[in-house]
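Read the structure below first, then the notes.
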Amino acid sequence: MCVCLSVSKITQKASVLNLSPVVPGPSGLTPSTESTVYDLVVFGGKAVRLVRLHVDQQHLEARGPLVELQDWALDVRWLSGDGPPLLCVALAHNRALLLDANTRTPLFQRSCVEGCLLYSTLLLVHQSWADTVLVGGTVFNQLVLWKPGEEGGGSEHKAPVQRRLLGHSGVIFSVSYLQDEGCLASASDDRSVRVWGVGALGGPGGSCGDPDPVCLRVLYGHQARVFSVRLAPGQVFSAGEDGACLVWDGGRVIRTLKGHRAGGVRALAVRVRVWRVEANDDRMGKVEETAEKLTDLKFSGDGVPKVVCPADEDDSDWSQSGFVVCTDLGSVYRYRNGLWGLVWRGPSDFQSYCVMETVSVRVKSSWVQICAVGNLSGSVFVFPVSHPQSGILLNAGSGKIHSIIWQKDEGGGFLLASGAEGRVHRWCVQVTSGESCHLVLSALPLPGFLLPLCVKRWLTGAVRVRSGPQGALWVCGDRRGSLLLFQEKDESNTDDEEKERMEVTKGGLTLEPTSVLFGVHGKQGVTAVTACAGLFYSTGRDGCVRVFRVRQTKPDHRENKNSILEPETTEEEEEEEEEEGMMDNLDEGTFKQERLLAVPCGGGHRSWTLWPSLKGVWPGYGALVFIKQGALMASQPPGPTRTGTTGWTLRDGVHGRGVGCVRRLGRVGPPEGLWEVAVTGGEDTSVAVLAVRPDSGAVRVLAVLTDHISSVRTLMAVTRPGGGADGDGTPSLSAVLVSAGGRAQMQCYRLLIGWDRQRAAPSCQVIQVARHRLDEQWERKRDRHKMVKMDPETRQVQGLSNRNSSGWTRRPVCRCFSVSFFSCCRLFSICETKHRIDLLWESFHHQRCVLSVATSERPRRLCVSSRVLLLFSASTDGQVSVWDLPPPSSSQTPPLPCLSFPAHQSGVNALAVWTEEDEGGCLVTVASGGDDGQLTVSVMRVQFPHEASRGTSSTSEPLNRIQVRLRSQARVPLAHAAPLTALQTVRPGLLVSTSSDQRVCLWRVGGTGVVHRGACTGVKHTVCGPEPDHLRVWFWSVGGICEAQKLH
Amino acid sequence: MGRSSKDKRDIYYRLAKEEGWRARSAFKLLQLDHEFNLFTGVNRAVDLCAAPGSWSQVLSREEKVEKGEGGEEVKIVAVDLQAMAPLPGVTQIQGDITKVSTAQEIIRHFEGQPADLVVCDGAPDVTGLHDVDEYIQAQLLLAALNITTHVLKPGGTFVAKIFRGKDVTLLYSQLKIFFSGVTCAKPRSSRNSSIEAFVVCQNYQPPEGYVPNMSNPLLDHSYDVDFNQLEGPNRVIVPFLACGDLSAFDSDRTYPLQLDAGKQYQYTPPTQPPIHPPYQQACHLRKNNLLSREDAPTDCPNQSRDQDPSADNICLNDSHCLRS
């Protein structure tokens, strides 16, 4: 017996392995005679293939070759009758085909009289070909029903249309049928879903249903095109380009499910009450269950709640332990056992504005909640929630208290109140149990912090760690997105003189940060800072979690011992919800980077609090309480009868959208199982470090970097020459990675890729080196909407590492050459120790978009100061320019190119360069691939007058330039049928080209010109995507044999 | 996004509005003509998939220039499935290019004479799935070629949009059966980042004994799956020609709003907003907050299937006022 898999649209590639997670639809998998083996048919494009699934071994085995069809397959179904396995195939020109699955030969085919193109098809099959009914959604916005197996006539005879459903005003992308209710649903470009009453379709005899079908419902709810629709009893599920999946009941949306990041949802499969699987553009499968409800806690006090904080005294139940809220009238209420009670009514100066924070303090054997409320005039009232009468009033300057932060300590805590003008006031608050169970609070003022100058100058997160004898360290994050390090002098260790001085200035003395990482979390600000196992973690509203280490400097001099903050790694945290830094949860999550909790809060709230799972209430879950539009809401905890909201992602896409660029770094791992390591950059603004097993095709994501604010267009990597090795000889990698993309942003990282023996997997450490944005000052300009930003995108980056004899590691300076869409070439230097990227020069010579850059190296013998010989840039007018590299400290005037020559009719998409030695100079060969499909190989001769005359001439002739002359040019006008998108040199004289015609060609360049050496076509190796630079060929080259691999 | 943001990003979009073209694609035909002299000696021209009508505009304007005042009257027929705002000097047929009746109507407008030039700038509504778009575009081109064989005179010219993708050589080979000169041309106003190009097919010479037939698409006979596997010299690749002056604007670049110092930039509204786009009804509902939502208390509007969307509710926010 056989089964049919309805394959989602994203697999419409002639490849079986591209199959994304597909869960059986309502039809289910019918077990074959051996219950654990299934025969599947997978289709896409113009091909169909049979695959055998061994459930026990979780193994897919291809059966027979790819069956190529003359037209696109839109739907394929198994006929359920006895006899040889038969496949019914619906083709795009409204034609159906009966295929013998064993012989893979067509038995019948039949067209419909309506011969127009279909966008979607649904085959309703039964036992025989004669029972088959085809529902097609035509390019002319109609649904047509016809019977391909109708009696009479040969295959030349065209079948008549049985039913025609009119109503849509756009093409139809998806059709679904529900037997039980006799309903047909269609999803269209006109953003509507229509449900039609058609009666019984298909089945024995192939019924075409009611003679006069009617449109039962028109469902408008999507904001963009509807790509997919599925029917379930009583419900309609639709998904579209707006990324939402809507659940309809009786013409109403009863649920909106969102979870896909970008590009819209393409396909949908529904299994009622169990699964809902979507696959979409971001190459991600997502399963969601029906949503959980939010509860309104019905705040009953006076005023409107503004701030909510936890106040759990016991580790029991959240509804008993409760929480406190502060209202706009300055009153603090407590929620406990489902009831509201007034705790403290603040004086009039606490009205209209307040900040509040709570902390749990252990006094003797019980927990005490201490609450601190700050107001507009610099007062902070600190009180135990249980005994507000023993509260104390503290003064923190005269201005507004922006934020309050508690840091737990033994017997109390440190209280930080961020006041006006960047002053952070600090106290050490101690709680003691007085007589008759009274709690006594005492606050010892500590030297305050002074924050660096910026507009939003207040703290948003702080953590304190003791670090040896010289005192404690504070790592703080501010609203400007900066991370600050303060060093607290331990009073017990300071000498008397200093102690005296501190006595005098106590309260007035402020500490300034010893180290600042300015704006690392962007303008949106830091949300939380925490420390764990020697590392610091910070979260920001930029959606990132950053990991830091505090490094000691000048260890030889005790008094001046300083610590600086050093970025260690950046890791991504998807901020699926509008929550800020769930730090307690995060410590577990950082390694696996999995989402622990998401609450559909709907946004619009200013204050929230979370009971994390650590309290042991519900393992793995927490409850979220938040204020939304003046009401207090609690996310219902998942109880035993869970109707939980949490959808989960089956397989996350490496990139949400298209992959823009690929770079190979090298290989790591033991010799018997090497992993190839590559970096990809995508339109979803992220950079992913991937490890790929070439033999099995297994892919592992080692790190995801999300520092870019626009799509990542290009990557450049310089690996340590010769590679490195661990102590035991396993190869490891160290590379400098530069990524660049939209908004003229560049990021530089140091990647350390090694082999984790315990986990038997590659590991990756990312150190952020530097960042650069040309248009940083642009954001501060007034009236910028009236102007054109001159530098929207960086197109390509080429590295020119200074790998001279003095050693690359000791001079960690590398330079890179970048071009952008605004006709500009730029040269940057990157200094790894200074964490800086500097612009060395720029040139607007091209006047048109510069599409590609390349560099050439000096032959080793002629290696003098720098190995870089020449730079090449090419633009949309087909011109290639050759630049002499200026010395790093050269004058500000940008040089003119030494040579400029036409190479193509239109844009030059790719350049590849190699150098050969020649008498008295060298020969540089530039291969270029253009939009015109041409491959041009230009050879130029380079002479070094500077070096030739070195002995005689003095250094007073610094302008003695390299001489470059074009010697010959060879062209292959029609190297590809479509734009050539990428070129790579396998070795000097051997080139690989790729094109959007999905072919990879190998070329030999010699004295006699350019010779075509072979090609592989898109069928076996689908190599190139339609966009230029969509991907690059990856190869493992051994003597000219190249193996290309497609990523995505 | 301000309303002038697209003006900044796309120089040809802005120029099209300033010069009164309905879409920026007008420049593509102008640049193609510049290279191939498409309009010389043309008395009868057909614009397939004409909406919104920018190529028809170019045809009618350029032909007038070409003929002068006293010349023979030039007849232009624009065919599209969608409605198109009227254009002076252009006869419109709202019809399907895969129907014989449409071909017959074209010939009737030409008083029984075949056309000298057929152009087609039709493109599918891009779905975002590249291979689907490429496939639909190829089918559209073949449909255009099919109707062209019904209406074009021997020796006539056919110009159509093509996506240079995986199956492009197959299309080239099919075009070469009917035309002795096939060139792939890319006007400079078409972006480098777009896979779009144009095939300029000159000198229509159908194979001997070929009878135009709508119901039997001519693509079948050579839809040989092995064809695309051919390597090297056996592959059919047509010459490539970049069209338009090198001094022309670079379509991939952004330009400042004020192009020359003397002339102050002024926002120009689109020449012709789209008529009856598929999303018209949905936009109308959204504008009036009638789209069904999860927390909306009322039922979603339940229109009868033959309701005619009123024409005065064009949603300009969403419309691609000028097609690219």
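Placed from the backbone N, Cα and C atoms, the Cβ positions cover glycine too.
Where the annotation comes from TrEMBL, it is an automatic prediction and has not been curated.
What TrEMBL annotates here:
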type	residues	note
DOMAIN	B:21-204	domain 'Ribosomal RNA methyltransferase FtsJ'
BINDING	B:Gly53, B:Trp55, B:Asp80, B:Asp96, B:Asp121	S-adenosyl-L-methionine binding site
ACT_SITE	B:Lys161	active site, proton acceptor
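In this structure, of the binding-site residues B:Asp80, B:Asp96, B:Asp121, the smallest number of CB atoms within 10 A of the CB marks B:Asp96. Following the DSSP three-state reduction, the secondary structure of B:Gly53 (S-adenosyl-L-methionine binding site) is coil. Note on B:Trp55 (S-adenosyl-L-methionine binding site): other Cβ atoms within 10 Å of its Cβ, all shown chains, come to 29.
A distance below 8 A between C-beta atoms marks B:Asp96 as the recorded positions from B:Trp55, B:Asp80, B:Asp96, B:Asp121, B:Lys161 lying next to chain A.
Mean pLDDT, taken over the domain 'Ribosomal RNA methyltransferase FtsJ' (B:21-204), works out to 88 on the 0 to 100 scale. Sequence-distant neighbours of the residue listed as 'active site, proton acceptor' (same chain, six or more apart, CB under 8 Å from its CB) are B:Cys120, B:Asp121, B:Gly122, B:Ala123, B:Gln137, B:Leu141, B:Glu196, B:Ala197, B:Phe198, listed in sequence order. Cβ-based neighbour count (10 Å, all protein chains) for B:Gly53 (S-adenosyl-L-methionine binding site) stands at 26. According to its DSSP assignment, B:Asp121 (S-adenosyl-L-methionine binding site) is coil.
Put simply, the two farthest-apart Cα atoms among B:Gly53, B:Trp55, B:Asp80, B:Asp96, B:Asp121, the recorded binders of S-adenosyl-L-methionine, are 18 Å from each other.
Under the DSSP three-state reduction, B:Asp96 (S-adenosyl-L-methionine binding site) is assigned to coil, being neither helix nor strand.
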